[in-house]
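Colleague: Sequence annotations record features per position, and here TrEMBL assigns transmembrane segment to B:12-30, B:42-62, B:82-101, B:113-129, B:135-156, B:168-188, B:212-231, B:295-313, B:320-341, B:389-411, B:426-446, B:467-491 (among others). The domain 'NADH:quinone oxidoreductase/Mrp antiporter transmembrane' annotation in TrEMBL covers B:131-432.
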Amino acid sequence: MSGVPASAFLSLALILFCIGLYGALTKRNTVIVLVSIELMLNAVNINLVTFSKYGMMPNITGQVFALFAMSVAAAEAAVGLAILFALYRNKKSVNIDEMDAMKN
Amino acid sequence: MELEQLLDFKWSIMTPEFIILGVATLLSILDLFMPKSMDRKILGWIGVAGIAAATVSLAGFIDEPVTSILFDTFRLDSFAKAFKFILLIGSLFVLLLAISFEKKDGLAEFAGEFYYLFLTALLGAMFMASSGDLITLFIGLELLTISSWVLVGVTKRNKKSNESAMKYVINGGISTAITLFGLSYIYGLTGTTNIKDMSGTLMTMGGSQNQLYLLAIAFFMTLVGLSFKLATAPFHMWAPDVYEGAPTPVTAFLSIVSKTAGFVIIVRIFVSIFGSVPATGAQDALPMLLHLQDYIGFLAGATMIIGNVIALRQRNIKRMFAYSSIAHAGYILVAFTSMSYFTFDAIWFYLLAYLFMNVGAFAIIQLVGAKAGSDDISAYAGLYRRAPILAVTFAVLILSLAGIPGTAGFIGKLNIFMGAFATEPAHYVLASILIATSVVSYFYYFGIMTQMFFRPAADDSKFNIPVALLVVLIGSVVGTIALGILPNIAFDFLHDNFMQFKDFLQ
Amino acid sequence: MELLNLYQNNYLIVFVFLCLGVILPVVALFLGKLLRPYKPSEAKYTTYESGIEPFHDSRVQFNVRYYIFALMFVIFDVETVFLYPWAVAYDNLGIFALIEMTIFVFMLIIGLVYAWKKKVLKWI
C-alpha cells in the first residue's frame, strides 16, 4: 500500500471525474446523469483524502471536508431523485431529450 | 475542547443567523402541527418578521470590529455585513412576493414549505457571506442551492416547473462537482481549508512551476463551476428555462438573492486566495488574479453580449428577464474584472440597485401574469389604460434596468464604467462593450414600454393589489429613485460604516 | 523509481487476474461447444421458468413506495457519517461536541417528524 505514489490516486480521481463529466453531458437517461454527478463528487472525495494523507502538508482537514462533501452529495441525490420522481409522474418519461416544454 | 472555551466564543455575532435558523425551524414545526384548514399565510408573515428582526440585529453589529469565532470559520467583517444587508432585504421583499403569490398547481398543499425554504436558502447565503473557511463556504453554498432546487420544483403538478427543477438540479450538480474539484486542488496545495491561512501559505510558497500549473487549473475549475451559479455565458443555458418554469417569487429569489450570493462567494474565493499568489515564481510578480484577469474579462464581455442580444427575441417576459439578469451579471463581472479601488463599492451598489429594480419588476410580472394566465409579453398591452399607476411604476423600474439617468441603475453602471478606467491598464474594450450592449438592451426594455403605453388593451379589468405586493412596489420604486437621485445615501453608508472593506483580508 | 517499479508490479498481478478471468469462460464455452451434441427443437427454445409456462412480462415494476423509503434511507443513513467520528473521538471532544450533536440530532428528529406527518412512513 505504501508503495503507491500520490499521483496514482490523483490520476484515478481525475479519470473518475472525467468519466462522470462525460456521462453527465452525454447520457439520455436522467438517472444515469445523476449517477454520473455522484461519480464526479466521489472523485473529489478521493482527491481530498489523498491530499489529506500524501499532500504537501498532510492533515485531517481533508477527510473532514470529504465527510461534508459526502453528506451534501447524498442530499443532492435525494432531492434530484425526488424531483425526477415528480417529473416522471407528470410526464411518464425520464429521458433528458424529452424535456423540451420550454423553447423560445 | 471544554465548556469554557465554548462559552468564550462571541456567539452574539451570529445572532442574525440564529434568528433565521430559529424562525425556519419554528415554521417547519408549526406547519406540521397546524390544522389543514388554516391559512398558511400567517407563516409567511412570521417569516417576514424573522427576517426583519435579523436585519435589525445585523444593524446592531455595524460598528463591531472584525470578529471571528469557531477557529475563524465564521467571521463578521465589513464585507460580510454589507452583503448580508443586501441578502436580507432581498429576501424580505421576495418573501412578501411569495405571500401574495397565488397558490395553484399543488402549491397550496406545500404553502408552509414554500415559506420556510426561502429562509433556509437565505441562511445558506448568509453563511457564505461570512464564512472564513472553505468547508463552511461550501456548506452554505449547498444549503442555498438545494433549497432553491426544491423551491423551483415546488409546484409539483406543473410540468414546466418539474422540468425546470430537473434542469436546475443537473446543472447545479455538475457545477458543484466542478467547483469542488477545483477547491480540492487548492486544499492539496496549501494543506488547509481556512481562507486566511491559505492566502498566507500561497504568498510565501514561491512555488515551483508545477504547483502554479495546478493552481491555475484549480482557478479555472472554480471559475467555471461558479460561473454556472452566476449564469454567465457560456454557462448560462439553464437560466432562461429555470426562470420561466419556476414560480415567480422563486424566479425573483434566484435573480436577486442567489445572484448576490454567487458574487459573494466569487469575491471571497478569488480575491482572498488567488489575489495573493504570485503568478510566476518571482515574489514580486503580479497576483494570479490579475494575471488571469483577461479570462474573467472575456467571460464578462461574452455574458453582456449574449444576454442582451438573445433577450431581443424573447416573447415570454420571464425568459426576457432571465436574459436580462444574465446581462446584469456580465456588468457586475466587469467591475470584478477591473479590480480597481472601487470594485467592492461598485459591486455592492450595483447589487443593491439591482435588488430594488428587479424585485419591483417581478412583483408586477407576478401580478399581471396571475391576471392574464400567461407570461407572454402581449399581456402587458394597454396596461397604461387599465392601471396607470402600475404602468408608470413598471416604466420607472424598466428605465432603471436599462440604465437611464435619474435612476439607481444608471449610477450603478456609471460606477462600474468609471472603475474600468481607474486601473492601469484601463479596460477600454470591456467599457465599450458595456456601453454598446446597454444600448442594445434599450430595444427590448422599450419593447415592453411600447406594449404598455401604445397598444390597445385586450380587456379592461382592474387589478386589486394585495397589501404585501403594494409594500414591495412602493419600497422598490422609492429605493430605485432615491438611489438614482441621491446615490450618496448608499455611498456614505458604505464609507462611514465599512471603511472601504479594508478589513477583508485581515 | 524503486517505488514506481513496486507499484507497477502490483498491477502485473491485476493484469494476470484479468487474463485468467477472460480466458476461463472462453475456454469453458469453447470446450462445451466441442463436446455437446447439437439437436435443436421447438420446445427447447421456450423461456425456462422452473418448468412452469411463462405467463407475463419478465419486467416487473416495483411499487413506487420503495423509492420514497430508499430516499429516506439515503438521507438518514448518510447522517451517520457525522455521528460515527464523533462517537469514536467522544472522549477527546467533550461537552462542546455533545451540545452540537444534540442540536444535530434534534434537527434530524424534525426531519423524521416531517416524514411521519406527511405519511411517508405509512405503507398504503
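Along the chain as shown, residues are numbered 1 onward.
Glycine too: its Cβ is placed from the backbone N, Cα and C atoms.
Those TrEMBL annotations? Automatic predictions, nothing curated.
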Colleague: Test the contact criterion for the transmembrane segment (B:212-231) and the transmembrane segment (B:113-129): 3 or more CB pairs under 8 Å, pairs 6 or more apart in sequence, then answer yes or no.
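Modeller: Contact absent: fewer than 3 Cβ pairs fall under 8 Å.
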Colleague: Report yes or no: does the transmembrane segment (B:12-30) come within contact of the transmembrane segment (B:113-129), defined as 3 or more CB pairs under 8 Å with a sequence separation of 6 or more?
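Modeller: Output yes: the transmembrane segment (B:12-30) sits against the transmembrane segment (B:113-129).
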Colleague: Which listed range (B:82-101, B:113-129, B:168-188, B:426-446) shows the maximal number of Cβ pairs under 8 Å with respect to the transmembrane segment (B:135-156)?
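Modeller: Result: B:113-129.
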Colleague: Using Cβ atoms and a strict cutoff of less than 8 Å, what residues sit near the transmembrane segment (B:426-446) while being 6 or more residues removed from its termini?
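Modeller: Sequence-distant neighbours of the transmembrane segment (B:426-446): 297, 300-301, 304-305, 307-309, 311-312, 314, 320, 324, 327, 330-331, 334, 337-338, 398-399, 401-403, 413, 416-417, 420.
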Colleague: Please give the sequence-distant neighbours of the transmembrane segment (B:82-101): residues at least 6 beyond its ends with Cβ less than 8 Å from one of its Cβ atoms.
Modeller: 16, 41, 44-45, 47-48, 51-52, 54-55, 58, 107, 114-115, 118-119, 122, 125-126, 129-130, 247-249, 252-253, 256-257, 260-261, 264, 348, 351-352, 355, 359, 362-363, 366, 370, 466-469, 471-472, 475-476, 494, 497-498, 501
